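K.L.:
Next up is a structure, given as structure tokens.
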Amino acid sequence: SYDRGSTFNVFVGKGQLIAGMDKALVGMCVNERRFVKIPPKLAYGSEGVSGVIPPNAVLHFDVLLIDLWNSEDEVQIQTYFKPETCPRTVQVSDFVRYHYNGTFLDGTLFDSSHNRMRTYDTYVGIGWLIPGMDQGLLGMCVGEKRIITIPPFLAYGEEGDGKEIPGQASLVFDVVLLDLHNPKDGITIENQHIPETCERRSQTGDFLRYHYNGTLLDGTLFDSSYSRNRTYDTYVGKGYVIAGMDEGLLGVCVGEKRRIIIPPHLGYGEEGRGKIPGSAVLVFDIHVVDFHNPSDSVSITVNYKPSNCTVLSKKGDYLKYHYNASLLDGTLLDSTLSLGKTYNIVLGSGQVVVGMDMGLQDMCVGERRTVVIPPHLGYGEDGVEGEVPGSAVLVFDIELLELVSGLPEGYMFVWNGEVSPNLFEEIDQNHDGEVLLEEFSEYIQTQVDSGKGKLAPGFDFEKIVKNMFTNQDRDGNGKVTAEEFKLKDQEAKEEHDEL
């Protein structure tokens with residue numbers, strides 16, 4: 001048979017062999033080797049075989065059993081590893097991805113998906129596989145390992161496959177299941193942690209920042225935002241992410257952790273992407289850090305208000321306050337309390353982000369409030385490098401400690417009493433008809449010190465005075481004449497603002 005390059009295939013005990021060989025093969029194991037001596041009466045007797053075996057010849061056979069099966073055999077399944085958790089098993093019409101080594105009964109390898117470094121991907125139970133494999137894969141869990149032994153009539157039968165597999169060969173597949181899904185599957189959501197308080201859940205159009213680990217069903221990690229030390233930031237429900245993630249991120253709370261399992265037709269499909277193979281089920285373990293909507297405004301929650309709360313902050317007021325600044329997930333960004341000094345601003349002057357200017361409005365001394373600022377009213381998409389992440393919602397816990405009322409809008413200096421009718425002459429101390437910056441500055445300082453006038457609080461004295469002087473010095477020659485000098489209420493109603 002070696003010379004012919006093919007095994008001898010025959011049913012035993014059915015008269016297809018000489019009597020001695022029919023007896024000799026009984027009880028053999030696969031890979032067993034026997035030396036068989038058959039007398040003529042159990043072989044070809046006194047006739048022999050013309051030209052091959054002489055009459056009354058004793059025959060000697062060196063037999064190696066390669067394969068055996070019975071027409072009543074069925075597919076044999078031996079599971080040698082099964083995961084502790086098995087939420088779902090392979091059913092008819094599922095699509096599976098698995099690795100295998102394919103051998104004959106004697107252990108000869110004829111094929112291996114491992115050698116090709118690519119899983120075998122197919123539907124189960126609809127005739128895409130040999131019948132024995134269609135049966136053998138049913139009921140498997142992802143991660144399960146089993147040996148599937150298939151008789152030839154449930155494999156490639158009498159003809160073989162015309163390549164590596166000869167006719168009448170039993171096949172042994174050592175299979176590990178990596179993935180399964182059904183084309184009818186939707187996403188699966190497993191809640192892992194939901195915060196005790198959840199004031200709002202994400203909706204279509206919201207902008208989310210979240211961390212994630214992305215794995216295949218067998219646990220193989222293909223991506224992680226944690227490894228980049230940066231959240232993944234995206235709009236939800238608008239097609240910016242794969243369809244399964246768009247759906248899976250709806251209805252989450254800030255701080256929530258959930259697992260989103262996405263079938264390939266809602267992920268990266270048959271083609272896959274990068275480290276993600278084609279037809280792969282994806283598993284995302286996500287942690288929602290924050291979210292907002294572009295239409296959101298500042299949210300203000302008053303935590304404490306004094307009984308005497310008549311003077312409220314307004315644009316132009318000089319404020320001193322303490323704050324703790326954090327992200328929505330509670331990460332502390334900054335605190336004036338740790339520095340031991342207040343934060344001081346002129347409200348509405350652009351010294352803080354727009355959201356904080358809004359959040360400090362109509363506040364009285366002693367009041368405490370929480371101000372939540374969406375990124376478009378905070379530090380925007382860029383954030384502050386090393387301090388505030390991009391697109392971050394900010395939370396400020398504020399206590400107003402001091403308020404100095406500002407001046408009416410458009411004014412940097414006002415009189416507390418009547419204005420002298422000879423104001424220019426009073427400022428022009430040397431009576432030369434011209435006022436220099438030094439004279440102007442000295443006069444304003446005297447009025448403020450005596451309580452006759454008031455400067456806008458919170459600004460640098462020299463900058464205010466220089467600004468006021470420049471507005472009076474209409475020809476820009478560094479001197480103010482009586483003709484140039486005008487009070488605010490004397491100004492013609494034109495585009496002019498001392499600010």
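Cβ coordinates come from backbone N, Cα and C, glycine included.
TrEMBL annotations: computationally assigned, not manually curated.
TrEMBL lists these features:
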- 1-69: domain 'PPIase FKBP-type' (DOMAIN)
- 93-181: domain 'PPIase FKBP-type' (DOMAIN)
- 205-292: domain 'PPIase FKBP-type' (DOMAIN)
- 316-404: domain 'PPIase FKBP-type' (DOMAIN)
- 415-450: domain 'EF-hand' (DOMAIN)
- 460-495: domain 'EF-hand' (DOMAIN)
- 472-499: region 'Disordered' (REGION)
K.L.:
Under 8 angstroms, Cβ to Cβ: which one of 1-69, 93-181, 205-292, 415-450 has the largest number of such pairs with the domain 'PPIase FKBP-type' (316-404)?
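P.N.:
Highest pair count goes to 205-292.
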K.L.:
In the same chain, who gets a Cβ under 8 Å from the domain 'EF-hand' (415-450) while lying at least 6 residues past its ends?
P.N.:
461-462, 465-466, 468-469, 472, 478-482, 485, 487
K.L.:
Note the mean pLDDT of the domain 'PPIase FKBP-type' (316-404), expressed as a whole number.
P.N.:
94
K.L.:
Under DSSP, the domain 'PPIase FKBP-type' (316-404) has how many residues in helix, strand and coil?
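P.N.:
Residue counts in helix, strand and coil order: 13 helix, 37 strand, 39 coil.
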